[in-house]
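Undergrad: What TrEMBL records for this protein is below:
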REGION    1-22  region 'Disordered'
REPEAT    162-196  repeat 'PPR'
REPEAT    263-297  repeat 'PPR'
REPEAT    364-398  repeat 'PPR'
REPEAT    564-598  repeat 'PPR'
REPEAT    599-633  repeat 'PPR'
DOMAIN    791-868  domain 'DYW'
Amino acid sequence: MAVAAKTPQNPSRHPHLPNILPSKTHKLKTLKKFPHLLKTHQFSLRKPHEAAVLSTASSIDTRDPNSLIRHLCLHGQLRQALKHLESVQELRIPVEEETYIALVSHCEWQREGELGFRVYTCVLSEHARFGIRLGNALLSMFVKVRNLVDAWFVFGKMEERNVFSWNVLVGGYAKGGYFDEALNLYHRMLWAGVKPDVYTFPCILRTCGGVPNLGRGREVHVHVIRHGFGCEVDVVNALITMYVKCGDVGSARLVFDGMTKRDRISWNAMISGYFENGMCGEGLELFFTMRVVSVVPDLMTMTSVISACELLGDGRLGRAVHGYVARTEFGVDVSVGNSLIKLYSSVGYLEEAEMVFSRMEYKDVVSWTAMISGYEENGLPKKAVETYIRMELEGVMPDEVAIFSVLSACASLGFLDMGIKLHELAKRTGLVSYIIVANALIDLYSKCKCIDKALEVFLQIPHKDVISWTSIIIGLRINNRSLEALAFFRQMKLSLNPNYVTLVSALSACGRIGALMCGKEIHAHALRMGSGFDGILPNAILDMYVRCGRMGPALNLFNTHEKDIFSWNILLMGYAQQGQGLLAAELFDRMTKSAVEPDEITFVNLLRACSRSGMVTEGLEYFYRMKHKYCIVPNLKHYACVVDLLGRAGQLNDAYEFIQQMPMDPDPAIWGALLNSCRIHRQSELGEIAAQHILEMDELSVGYYTLLCNFYGGDGRWDEVARFRKMMRDKGLTVDPACSWVEVKGTVHAFLSGEDSHPQIQKINAVLEGFYEKMKETGGVGTESSSRNGVEDSKAEVFCGHSERKAIAFGLINTVPGMPISVTKNLYMCESCHNTVKFISKVVRREISVRDTQNFHNFKDGACSCGDEGYWGKT
């Protein structure tokens, strides 16, 4: 009977194709009698060990080639038996079916797919159709070696099929992952009038669970009852497994409760079913019931129960289970030890995890991986790396999870060199093809400032998941390539839906470059997807509006959503950046009246707001209340804010005295705050002291060299500026090229200092030249030529770059008159640019906002919100 089913689409050899049989190594032209041939042709070429095998078999009739072939199979000489078979077929001597069955069975037993196919080819040369025994043997062999294509052809050539034939093929399709085909074959089996047996139902029920297909599973359940297998323990166990895999735990429990006889597999299936469906409490309760009725748990039971304790996060129960299992024969089993390490690591009991790990007599790769992952997940990346090194010394080859965990640890520690070695190992072993390894590499290279290498890894991933896209978006953002991050975000949305982490990362990129319209699009997308109020996403949206300088929309969002301490801190940060100390103080009072307890970050933002608003008394009062009312111990950031508060107000001696009375050693940021204040108020002597402390503590931070050049340049000491510039060059320190971003009609445009590749650069330069001419006519300053001298001009070019001018000109060209223009810049704004933009805002009668690395500058009618004190070079 012909049966149609879908076969796996993979290339395979078939008997009708030419050149399948191996070439014959020798031929005889004259053959008279077979015994003579056997003696002269076969035995003369026999190897010594083959002759020894045959010489011991005195009972073998050498005139019967079938007996010889079967005997060779019996003694494990499968290849020699196959050579004899091919020689016998060449002589056209009949081969018995039992001989073929023996050969096929041994090919199956040894999993020799290639040899099995050669036997199959020989069979086809003699048999157009197969008997049931030979057909079943071939079917079983092909299924065992996962050659489903040839198994299907054998099935079609069988003259007759029994239930074993159907069971083998259905099982082969199911194990190969072809669940729909397996289910279709089962139904064709029923249509063919073949009654299923006790082996059919477990296989087909596992298939229903693998899809999962609850409807088909219920249908098979009916067949189980109809055919009288409802009391077979193996079949009922398979029913329980099917129901739990399909998520119907209630039906599984009904089947379990209805069993008249249960074995340990029954209990394990039901207990693990509860755990798999997140019903750990019910599963543990059933485990205790199992003990009450005196059913002894096995290894699978104990590992499942330990995993359930891990899912529940119940370390106390885990310890109790550990105590029980330690008294059983499974206490020394490696899988139990591995489960205990994972349990203790997940609940933060690292000492217990280390104890289990150290007491294991044998540790496999899972043991090492569990310990490495435990350290990494519990914030001990250094120990994770040390454990991996021990693992290498033990000669244990890591798996993909181990590589992932160690790469994550290296990313946290900044261990780039070790990360590169792990990358090379992953390439050699093929583990880099696992997406979790590739994603970890992206994270490593991003955090180690090798973003181009991260991009290279990302582009080599054939099937990127959400984590891959999110990792590269975050990597680009933290490496100051936010515009590219947003481009990748848009590309991702074409094929995948971003999760809330992706949205948070993209919103952060929008905030960094002032991409307000793009941020609004993401906000709208989150609302459409129903995730606008999930987790930290509302705070990320609030942060985006604050960083884009849109305090109005930010306040509206703040007032309409549920607020936590982070929400209050974000809004306080916005007021601090804009120098609105009074509004920050009002918000803080509102916060305390709402019974929200302030934290360390709250007071950092509050002190900054007071500092930039000249509210010295209020700022010192907040510092006192922080210590004595809210019992928050000030850290270095708080002390730096107080120094800045006093210094900006001109109280430099008080600021210096405050530093000297600190209960901890000041860091470079505190001396930097004092140095900046000395620059503003031209206190050279005290500034020299601050500068000396900075150089003693930090010689590698570009920001401090910028501040030092600014200080000495403001004091007219250009030789010192040149000296520090030379020191920067000698140490390989470079200032990032000035870059400004402006968003026009939803598209962000970037302008780099010294780059003239923009399509509208001629129009932009023409607009700027026009403004420069008007400034000269009115006696204003602001162009490069108006700088005090060449050194000053060079200094402003390096530390400012004037890129915001091009961004503003582009905005003026491409927007309607009267529309406000917002620009974001990665460096400080210099005095020349500040004066130029003030002049432009007055001429064009537009509001222009520029957010540099420190301040928001809101220009209107020739004035700036910073009061001409927040730009680089101000003295």
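In case you wondered, yes, glycine gets a Cβ from its N, Cα and C as well.
Note that TrEMBL annotation is computational and uncurated.
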Undergrad: What are the helix, strand and coil residue counts for the repeat 'PPR' (263-297) according to DSSP?
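TA: So the repeat 'PPR' (263-297) is made up of 26 helix, 0 strand, 9 coil.
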Undergrad: Please give the sequence-distant neighbours of the repeat 'PPR' (599-633): residues at least 6 beyond its ends with Cβ less than 8 Å from one of its Cβ atoms.
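TA: Those are 565, 568-569, 572-573, 575-576, 579-582, 584-585, 588, 591, 641-642, 644-646, 648-649, 651, 855, 870, in sequence order.
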Undergrad: Across the domain 'DYW' (791-868), what does the mean pLDDT come to, as a whole number?
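TA: Mean per-residue confidence for the domain 'DYW' (791-868): 84 out of 100.
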Undergrad: Going by DSSP assignments with H, G and I as helix and E and B as strand, what are the residue counts for the repeat 'PPR' (364-398)?
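TA: The breakdown for the repeat 'PPR' (364-398) reads 26 helix, 0 strand, 9 coil.
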Undergrad: With DSSP helix as H/G/I and strand as E/B, how many residues of the repeat 'PPR' (162-196) fall in helix, strand and coil?
TA: 26 helix, 0 strand, 9 coil
Undergrad: Per DSSP, what is the residue tally for the domain 'DYW' (791-868) in helix, strand and coil?
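TA: The composition, in the requested order, is 35 helix, 17 strand, 26 coil.
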